[in-house]
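Visitor: Handing you a structure now.
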């Protein structure tokens, strides 16, 4: 039994579109309710007064009323949410159409297929980067009509843009992750391990749901996630700049320095893309991974030059940056170094992630070798690899924090995060390339195309698995810097002079905040497990009850498996989302800003570690399985072939790693960013009315 390529693509497109529309309906209700909450909380700071008030950071001047901040924060929140939805949805559409085109191009050779898949990813990357930049720039200019010279109020209200973007990203990541992994686990456990049929075999009832999941989780989810990081880092930098000399003296060009960095990034990524598609031609499978790695290096080098030029042109030679109540004198070359250190830290994190997740290196090969003695040793080796992979990225993040804070305080950390995200278009092109190649292989298998074409798409997919892990590394590293910058902006806005961990108020927040990523991970992992359980039972039922299904004469019920994934993901995404969205509100209202600052610090410190180890563990198990399946080296052939006990142990490891690398791990970076930006948006209310319990007792 084979499906035509057209019919297979149609099923995927319908499934992905249907899921996203259903998800957006539920999330839309949540967003509307949250928008009302923003308006009520921020409007009540001054009792919904329409009178001008003394400015927060300069009491000698008058600024726009708190009610204006409430209205414009609500509008920017809805703008951010809409832009995030649009970015994810359009990315999914692009990827779905690109899947079939990549399969067709694979008939002509691996080089043609690579160019199609990579260009499709690049279109998504440029779309997202340009969308985020354009909407933010338009919002700033429209808000400026009302705010006039009150730049502090203007950019404080703009922070809602980052909150809206990340809120949608959280539900997209969690919902999409549950969808894709429930289908993936069901398809693999029953299809590969029990029935011994190939991956993406059309006889497998869960195969369409699995491929739809790649589009809604890896494409739409990652797009919304990186958009959220970009929006938040821009907002954090703009808030700090608005109370520095740029904002006080109303210097527009230096004020918009964060947006200028992103603009240069788009141009640099456009030039970098040509190196993969036009300047150098891919002729063999072994050239794919080096070509993708070259993208990272070239974009980083060109971006360093671009940032140096714009720092010299756009910034005055000397200026002051707000630093917790004082103004710190900063030189333009120091700000360039802040951006540069974030940019190069991102590259280091990317290459370390590649080392620990690519089957070309010893860590993954050791994990594959451990499958000789069964699934248990595979799991032990994979967990150890994940924990070890945290070391160098954390040192890279720590170094970039130290350097950027030393030069330009919290503003330096915000622009370091922007530096890491400045090549977001290239990063997304590399990341989206993986799922596109994976689905192209699925179409080739389901349409019964020749074995040679499937080998080419598998080669593209193997490189894509590693690059997807690199994309997750970038997202997590930038999330750490973004959330720290937002934390600094929150502390400044809430008028906290010092965060002292020795005080009970802060320490209880710290220890509770460190626990939250574990609670969140438990919820998302169990959600995947519950959904996968239903999927496995359904796939087994179909194999046992549909006559001729294994022989290829019977037709599986794909729609039922798609429905199981859709229902489970919509139902299960609400509790983790509510945990993240409600925690800052509950802590801020009941315990006050000091305890909330502890919660944010604790969540940041523990969340980054868990996110890196979870993503890399899952990526390593996935590529260990593919290492055995490909059988390229003598060592790999000694572990195979497909269907052997060693391969089955690798499939079990891969199945355990699926929710780690595609649901819990990537969602954690949104958790730490979202809690920080939400705290910043609600900071005026928490500072005025928060800490009810401590006031009573």
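Cβ atoms are placed via backbone N, Cα and C, with glycine included.
Pulled from TrEMBL, these are the listed features:
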TRANSMEM  24-45  transmembrane segment
TRANSMEM  65-92  transmembrane segment
TRANSMEM  113-140  transmembrane segment
TRANSMEM  255-276  transmembrane segment
TRANSMEM  296-315  transmembrane segment
TRANSMEM  335-357  transmembrane segment
TRANSMEM  378-402  transmembrane segment
TRANSMEM  408-430  transmembrane segment
TRANSMEM  474-496  transmembrane segment
TRANSMEM  502-520  transmembrane segment
TRANSMEM  579-612  transmembrane segment
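Show me how these features fit into the structure around them.
Guide: When Cβ-Cβ distances below 8 Å are used as the criterion, the transmembrane segment (24-45) is approached by residues 66-67, 69-71, 73-74, 77-78, 81, 85, 89, 160, 164, 167-168, 171, 570, 574, 577, 581, 585, 681-682, 684-685, 688-689 of the same chain, each at least six residues removed from its ends.
Outside the transmembrane segment (65-92) by six or more residues, the chain places 16-17, 20, 24, 31, 34-35, 38-43, 45-46, 48-53, 124, 127-128, 131-132, 135, 139, 143, 146-147, 153-154, 156-169, 172, 215-216, 219-221, 223-224, 227-228, 231, 432, 681, 684 with a CB less than 8 A from a CB of the stretch.
Residues 253-254, 257, 260-261, 264-265, 267-269, 271-272, 275, 332-333, 335-336, 339-340, 343-344, 346-347, 350-351, 419, 422-423, 426, 430, 470 of the same chain sit 6 or more residues outside the transmembrane segment (296-315) yet have a Cβ under 8 Å from a Cβ within it.
Proximity of distant same-chain residues to the transmembrane segment (378-402), defined by a Cβ-Cβ separation under 8 Å and at least 6 residues beyond the stretch ends, is recorded for 341-342, 345, 348-349, 352-353, 356, 363-364, 366-367, 370-371, 413, 416, 420, 473, 476-477, 480-481, 484, 608-609, 612-614, 616-618, 620-621, 624, 649-650, 652-653, 656-657, 660.
Distant neighbours of the transmembrane segment (579-612): 34, 37, 167, 170, 386, 389-390, 393-394, 397, 473, 476, 479-480, 483-484, 487, 490-491, 494, 496, 499, 501, 503, 505-521, 523, 664-666, 668-672, 674-676, 678-679, 682-683, 685-687, 689-694; these residues of the same chain sit at least 6 beyond its ends, with a Cβ under 8 Å from one of its Cβ atoms.
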Visitor: Contact between the transmembrane segment (255-276) and the transmembrane segment (408-430) is defined here as three or more C-beta pairs under 8 Å separated by at least 6 residues; is that satisfied?
Guide: yes
Visitor: The transmembrane segment (502-520): which same-chain residues, six or more beyond its ends, come within Cβ distance under 8 Å?
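Guide: For the transmembrane segment (502-520), the nonlocal Cβ contacts are 576, 579-580, 583, 587, 591-592, 594-607, 610-611, 664, 667-668, 671-672, 675, 694.
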